[in-house]
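Inspection log for the structure reproduced underneath, given as structure tokens.
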Amino acid sequence: MAKSLLASSLSVRTKILQTGVSLYNTTHGFHEEEVKKILEQFPGGSIDLQKKQNGIGILTLNNSNKMNAFSGAMMLQLLERVIELENWTEGKGLIVHGAKNTFCSGSDLNAVKALSTPENGVALSMFMQNTLTRFMRLPLISVALVQGWAMGGGAELTTACDFRLMTEESVIRFVHKEMGIVPSWGGASRLVEIIGSRQALKVLSGTFKLDSKEALRIGLADEVLQPSDEATALEQAQEWLEQFVSGPAQVIRGLKKSVCSGRELYLEEALQNERDVLETLWGGPANLEAIAKKGKHTK
């Protein structure tokens, strides 16, 4: 009986990791269509996606009049873009950045003020947790390019990316305590995964302004880019990402899937996932070409 329950639990966890599967449904008290109707009432800004032929996507937060704060419409569009990326089989990498040299200042306060009941807060939390968890599980190697400020929900969004690049003048700040709340888009859990529980508690309770040097020191940032304008920084980010996404898309996507399963699944299930991914690659075009080109004993 116990083995049966464990196998069932593992199966559920594995299914959750599958691309395109929502984190919540009505059994969790989550009514997605109702939340969407509420968010539609708060227009403004856009989430723009460019899918390049080299397999790198560019996701732009565009609401520059409000430091790229998330309006309700932008939250809806972010989910739409995630679904689009889930179906982009040629994709290998993704860069997330904000328009006009600012990453994101969090949620638009107009929406926050209107959604002031605990019920609305929890519904919004579940919507964004679902979106950003699906984002995190995309079979794409993702990079947050932080220019200017990444605050509140913007700081949480950076943690959903695999890597974070910062320009010298940029700042990441989790301001939730000063707003009388806690991170609710999954940011606290992901921050613990990235920098450890002790550092995460300091960052969240201290509401520190993490400049690029401090973020690099504690392991939140992966590299600091030289001073540059928006276009040049984006070019630098693409060059940085290219070192990790060179090669066949199927292989890069398989690597990301393997890392996701290793992070989120029990060991036995993660090992099974490794074998499942390997089965799609072993003896495939990339594998056979590499063997023929390099030979078994060459370096």
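Quick reminder: no glycine exception, Cβ is built from N, Cα and C everywhere.
What Swiss-Prot records for LYS209 (among others) is N6-succinyllysine. Using a 10 Å radius centred on the Cβ of LYS209 (N6-succinyllysine) and all shown protein chains, the other Cβ atoms total 12. In the three-state DSSP scheme, LYS209 (N6-succinyllysine) falls into the coil class.
If you look up Swiss-Prot, you'll see LYS209 marked as N6-acetyllysine, on the strength of similarity to another entry.
Sequence annotations record features per position, and here Swiss-Prot assigns N6-succinyllysine to LYS293 (among others) based on similarity to another entry. Listed in sequence order, there are no same-chain residues at least 6 apart in sequence whose CB falls under 8 Å from the CB of LYS293 (N6-succinyllysine). The secondary structure of LYS293 (N6-succinyllysine), as reduced to three states from DSSP, is helical.
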